[in-house]
Amino acid sequence: MAEEYKEALLEKQNYHDGCPGCKVEQMKQLRRGYPYLELSFVWIIVLSTSLPISSLYPFLYYMIEDFGVAKTEKDIGFYAGFVGCSFMLGRALTSVFWGIVADRYGRKPIILLGTISIAIFNALFGLSSNFWMAIGTRFLLGSFNCLLGTMKAYASEIFRDEYQATAMSAVSTAWGIGLIIGPALGGFLAQPADKYPNVFSQESLFGRFRYALPCFTISAFALLVTVLCCFIPETLHNHKLDSLSHDDSYDILEAASHESSPSTGKAGKNERKASQSLLKNWPLMSSIIVYCVLCLHDTAYSEIFALWANSPRKYGGLSYSTNEVGTVLAISGLGLFSFQVFVYPLAEKLLGPVLVTRYAGALMIPIQMSYPFIAGLSGLSLSLMLNCASILINVLSVSAITGLLILQNRAVDQSQRGAANGIAMTAMSLFKTVGPAGAGILFSWSERRLNAAFLPGSHMVFFVLNVIVVVGVALTFKPFLTTSRR
């Protein structure tokens, strides 16, 4: 009886022989049980793309100092911001292009291209000998870093409907952990000849290039992921007509017959129409806008936290070494992983993605207000309060972003997910381009107003971060943020 049911189900779905997307759909229909293998693949690929994004922040302060471009100590944050934003500028310029390519040629080729580019350009960044080489290699790394948008589409296609929240949670968890573990690696492995002289001599490669070891480590991991990606299935369908509803079949068939004629030029027109329909899809566009605002906060916070922790106490910082910053971020990564695996799916099921985003954003505000006061502590109390605040901020930030990823993928069909996520990546990258540059300039400015009457020093920095969060939370209310009925 069960076999007859399966056959009837497969026949009803009208799968196509030789279509990789149909093979995945068949697998989803017939498979029972938790998708551990697929979840592992998604998790490790997204982790590989997020590791290099923030890995430079713990040592960027010292890297800029070594380049000798900053005239004074207070100018270091200014130059650090431009190195940080070059990655996002590159990604902003290419995200839509990679999304369209993924919709046309498949997810798997784009995933392979992305992991290979990480291995190459991140290693070259570690070998940077001057300010402009650092900016150039980070720009190229961002230009070819096309994985996040593609992986969001891929994750929504490889899992059954009941695991969609888990899929998006896996994407955002791996992304968030990569943004934490990456800086932790940067903190522990930068300047190895100074920290571990028994292992690395000053005359060795890592003694001459003080920041190459964390970059090479991440590149080696990306190479390993590239090999694993050869075994993942393609999810894009290579047929179009049979999956459409009978109500639309006549119109689409007529359009297809016109497209087959070279004289009509309908194909390009239809593609432009599809692109325009995405821009008019308000559930998609509203969720992308909120997503961009919260991502702006996320990237600005990441850079400011590292600069603030590294900066001297006389400027309101913590005077932390790269190792100490790495320890805080590693602990935050553990807390984030535990929360996203065990708590977030339950929270999303209970509250829904909109409320999760709203509540998470609101809770970040009082925690960020406490950071300048935490800097006044010392010893065990400083470590305890700083680690608790860092864990909470990272957990809440990733939870808010996860809810928006779910809303974005619910707002479009499969044929548009690559392009939709490309639009989201472009918009987000533009905001994240502003984030590091703005954060560096803001931080440098705050160190010049330590005795100001209104929000002196780091108080101003964290106040601006809270303003961004308040805007993001306000946009989660109707009529601005609407959800799709798909």
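From the backbone N, Cα and C atoms, a Cβ is placed for every residue, glycine too.
Given the structure is predicted, the values throughout are model-derived calculations rather than measurements.
Listed by sequence, the residues of this chain that lie at least six past the ends of the transmembrane segment (41-61) yet keep a Cβ under 8 A from its Cβ atoms are 76-77, 80, 83-84, 87, 111, 114-115, 118, 122, 125, 138, 141, 145, 147-148, 151, 154-155, 158, 167, 170-171, 173-187, 190-191, 210-211, 214-215, 218, 221-222, 225, 228-229, 232, 299, 302-303, 305-307, 310-311, 322, 325-326, 329. Sequence annotations record features per position, and here Swiss-Prot assigns transmembrane segment to 41-61 (among others) based on sequence analysis.
For 82-102 (among others), the entry in Swiss-Prot reads transmembrane segment.
Per Swiss-Prot, the feature transmembrane segment maps to 109-129 (among others); the stated evidence is sequence analysis.
With a threshold of 8 Å between CB atoms, the same-chain residues lying at least 6 positions outside the transmembrane segment (131-151) that come near it are 42, 45-46, 48-50, 52-53, 56, 63-64, 67, 69, 79, 82-84, 86-95, 98-99, 102, 107, 110-111, 113-115, 117-118, 121-122, 124-125, 171, 175, 418, 421-422, 424-425, 429. According to Swiss-Prot, the transmembrane segment annotation covers 131-151 (among others), on the basis of sequence analysis.
Long-range neighbours of the transmembrane segment (170-190) within the same chain, counting only residues 6 or more positions beyond its ends whose Cβ lies under 8 Å from a Cβ of the stretch, are 39, 42-59, 62, 148, 151-152, 155, 210-211, 213-214, 217-218, 298, 302, 306, 321-327, 329-330, 332-333, 336-337, 340-341, 344, 394, 397-399, 401-402, 405. Feature annotation from Swiss-Prot assigns transmembrane segment to 170-190 (among others); the stated evidence is sequence analysis.
Same-chain neighbours of the transmembrane segment (212-232): 41, 44-45, 48, 51-52, 55, 59, 108, 111-112, 115-116, 118-120, 122-123, 125-127, 182, 185-186, 188-190, 192, 200, 205-206, counting only residues six or more beyond its ends whose CB sits under 8 Å from a CB of the stretch. Swiss-Prot lists 212-232 (among others) with the feature transmembrane segment, giving sequence analysis as the kind of evidence.
What Swiss-Prot records for 288-308 (among others) is transmembrane segment, and it gives sequence analysis as the kind of evidence.
Residues or ranges marked as transmembrane segment by Swiss-Prot on the basis of sequence analysis: 327-347 (among others).
Per Swiss-Prot, transmembrane segment is recorded for 362-384 (among others), and the stated evidence type is sequence analysis. Beyond the ends of the transmembrane segment (362-384), by six or more residues, the same chain brings 301, 308, 313, 316-318, 392-393, 396-397, 400, 457-459, 462-463, 465-466, 469-470, 473 to within a C-beta distance below 8 angstroms of the stretch.
Positions annotated as transmembrane segment by Swiss-Prot, on the basis of sequence analysis: 391-408 (among others). When Cβ-Cβ distances below 8 Å are used as the criterion, the transmembrane segment (391-408) is approached by residues 152, 164-165, 168-169, 171-173, 175-176, 180, 283-284, 287-288, 290-291, 294-295, 297-298, 301, 331-333, 335-336, 339-340, 344, 347-348, 352-354, 356-357, 360-361, 363-364, 367-368, 420-421, 424, 472, 481, 483-484 of the same chain, each at least six residues removed from its ends.
For 423-443 (among others), the entry in Swiss-Prot reads transmembrane segment.
Here Swiss-Prot flags 461-481 (among others) as transmembrane segment, drawing on sequence analysis.
Same-chain residues lying 6+ beyond the ends of the transmembrane segment (461-481) with a Cβ under 8 Å from its Cβ atoms: 286-287, 289-290, 293-294, 296-297, 300-301, 304, 308, 354, 357-358, 361-362, 364-365, 368-369, 371-372, 400, 407, 442-443, 446, 455. Tertiary neighbourhood of the transmembrane segment (423-443): same-chain residues 77-85, 88-89, 91-93, 95-96, 98-99, 142, 146, 148-149, 152, 278-279, 284, 288-289, 291-293, 295-300, 303-304, 307-308, 311, 408, 460-461, 464, selected by CB-CB distance under 8 Å and a gap of 6+ residues from either end.
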